[in-house]
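This report concerns only the one structure given below.
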């Protein structure tokens with residue numbers, strides 16, 4: 001009998017485009033692509049309307065695909081304080097959608113994600129895009145937002161596998177907030 005799969009929603013938050021990626025992961029850490037899409041929020045208009053689009057978009061993906069865990073990219077330091085605040089608010093909208101669905105939320109730094117997917121914490125975006133395609137056996141090139149979201153989900157899948165092997169929960173291996 002095949003090992004049970006865990007469905008993970010990966011989110012690459014952004015105030016203009018938010019990447020969404022869904023993968024199924026087995027106990028050995030093998031990932032299977034389920035879905036990916038960009039949430040284009042820039043055209044929603046004023047910033048509060050963009051946040052609502054993120055909230056509604058993540059809720060719709062949760063309803064349609066039924067993930068049991070959510071992984072999101074942690075905020076990095078931006079050169080512009082206004083951009084960093086907007087990115088934090090976009091993350092907050094996505095996290096609220098997950099928490100509203102009673103899903104646990106895990107967060108990973110860009111360096112952790114690059115290391116898990118490419119093997120180098122300082123990898124370039126195109127390297128992440130390429131490796132996500134290879135790991136998920138995808139024949140088409142992914143947009144950066146979708147590739148990043150799938151990379152977040154893959155990273156969490158690896159953290160879960162390490163947790164199963166060591167007997168420690170993924171939250172002990174990677175940073176997890178008490179959002180649930």
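Even glycines carry a Cβ here, placed using N, Cα and C.
The structure displayed is predicted, hence computed values, not measured ones.
Straight from TrEMBL, the features:
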BINDING   12, 145  Mg(2+) 1 binding site
ACT_SITE  12  active site
BINDING   73  Mg(2+) 2 binding site
ACT_SITE  73  active site
ACT_SITE  145  active site
Output the one of 12, 73, 145 that, of all these binding-site residues, has the highest number of other Cβ atoms within 10 Å of its Cβ.
12
In whole Å, note down how far the CA of residue 73 (Mg(2+) 2 binding site) lies from the CA of residue 12 (Mg(2+) 1 binding site).
6
If H, G and I count as helix, E and B as strand, and all else as coil, what does DSSP give for the residue listed as 'Mg(2+) 2 binding site'?
strand
Residue 73 (Mg(2+) 2 binding site) to residue 145 (Mg(2+) 1 binding site) - Cα separation in whole Å:
11
